Amino acid sequence: MASPEPRRGGDGAAQAARKTRVEANSPLPKNSGSLNEAEALNPEVTLSSEGSLNLEDILYLEDTGDLDETLYVQETEKAEEALYIEEAMQPDEALHVEEPGNPEETVCVEETTEPDRIQFVEGPVEPGKPTSPEHVVYEGETVTRAEKSNPEESLRAEQSPSMEENLSIEDLELLEGRFQQCVQAVAQLEEERDQLIHELVLLREPALQEVQQVHQDILAAYKLHAQAELERDGLREEIRLVKQKLFKVTKECVAYQYQLECRQQDVAQFADFREVLTTRATQLSEELAQLRDAYQKQKEQLRQQLEAPPSQRDGHFLQESRRLSAQFENLMAESRQDLEEEYEPQFLRLLERKEAGTKALQRTQAEIQEMKEALRPLQAEARQLRLQNRNLEDQIALVRQKRDEEVQQYREQLEEMEERQRQLRNGVQLQQQKNKEMEQLRLSLAEELSTYKAMLLPKSLEQADAPTSQAGGMETQSQGAV
């Protein structure tokens, strides 16, 4: 905001009058231009008098600097004309004192030695004291002026009320022009405020759209995550069922393998027992062959004996050989029958067990082959399920990574928006503080204007009474001269 320039003339006088009236004739360390520092136009007066901005409308403003720049109004071209009142008096003129008739009224002392300053001192006048020597206190300095009893100065004292009246009227006109400019500035600020609110709405819409888009992306990611988790749970259930089935098949396979091993052990035992029986049969066959050889030899001997000439001894020997041959045949038949009775059931049982073991082995091998054939698709399915599970885990990891990135981005955007909100709040607080200052300035200006008007009203009345008294004095002088 541009620094205001000090005002001259009537502003300093009005301020001095107001200060002396409030502080009961105490010296003030302020110059006549101190009021002008609060006089500069601030757009926050418009906001405080017309209405405050809505906080929800400015929460999403990008930069508070633009708001401050648009709310400031430059000084008008005729600021010096509105703030300065030039005096038309000569610097050689002395201090003029106006004494009202009532001793309790204030005395207005106007010093015209300096063209840039008008000093007003208000204070009660004691009826017994003369007012010719007067002490003026302003900014810690005491000014003593003695009124001269010169007829020229008395004429100047008579002419000063009319000049003060002219200056006061011009000051009022300038103040009215200043207030008109303030009203125009207020209207312009209202238009700028509406434009800024419209820009705020336009700036807030993309941010809201981005936030909604981020929310939709997060919801879609959560949906994909939930769907992937459901698929993962379904695949885990299928894998569990396949594992149970595979465990059952493996258990049955182990049981069949145990039975096969038992049958193989039985077959091995049967083979050993068969070898024993075969060895026994071989021994018996050898014994039988030996017996047959012995029998053939005896038979040949007996035949030779029979072919020999018969004799008594030969007959006896022939009978004996026949008896021995019959015994031998009976013995062979009995031994063969005993062997058949002893080993044939065992051999038949062994053959039956061998056939049953062979059939069981073939059946077990067929079942094992079938189980292997059935296990191959299960293994392929298990491999496929493991591959799908790995792919799903990779997809879940990617979805989680994407979700984390989106959440991080959303958090960063949220932090940026919170930072903007804090900046906007600080800007709003500063703006409210400026509004309060401008409201105080407006109130002080209104109070000063009312004080100035109250000062001008008795002066105008005194100036209206002064011509009549002056005319009466001239008549008395003319009569005295006659």
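Any Cβ shown, glycine's included, is placed from N, Cα and C.
The compositional bias 'Basic and acidic residues' annotation in Swiss-Prot covers 1-10 (among others).
Feature annotation from Swiss-Prot assigns compositional bias 'Basic and acidic residues' to 144-156 (among others).
Feature annotation from Swiss-Prot assigns compositional bias 'Polar residues' to 466-482.
According to Swiss-Prot, the feature domain 'IF rod' maps to 168-463.
Residues annotated as phosphoserine in Swiss-Prot, with a large-scale study or a structure entry given as evidence: Ser26 (among others).
Swiss-Prot lists Ser34 (among others) with the feature phosphoserine.
The phosphoserine feature in Swiss-Prot is assigned to Ser325 (among others). Remark: Ser325 (phosphoserine) has Tyr295, Gln298, Lys299, Leu302 as non-local neighbours, by Cβ distance under 8 Å and separation of at least 6 in sequence.
Annotation comment: Swiss-Prot describes 1-42 (among others) as region 'Disordered'.
Annotated region 'Disordered' per Swiss-Prot: 144-165 (among others), in sequence order.
The region 'Coil 1A' annotation in Swiss-Prot covers 170-204.
Long-range Cβ contacts of the region 'Linker 1' (205-231) within its own chain (Cβ-Cβ under 8 Å, at least 6 residues beyond either end) map to 60, 392, 395-396, 399-400, 402-403, 406-407, 409-410, 413, 417. Under the heading region 'Linker 1', Swiss-Prot lists 205-231.
According to Swiss-Prot, the region 'Coil 1b' annotation covers 232-309.
When averaged over the region 'Coil 2' (350-458), pLDDT in the model lands at 88. If you look up Swiss-Prot, you'll see 350-458 marked as region 'Coil 2'.
If you look up Swiss-Prot, you'll see 460-482 (among others) marked as region 'Disordered'.
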Per-state residue totals over the region 'Coil 1b' (232-309) - DSSP helix, strand, coil: 76 helix, 0 strand, 2 coil
Helix, strand and coil residues within the region 'Linker 1' (205-231) as assigned by DSSP: 27 helix, 0 strand, 0 coil
Residue distribution over DSSP helix, strand and coil in the region 'Coil 1A' (170-204): 35 helix, 0 strand, 0 coil
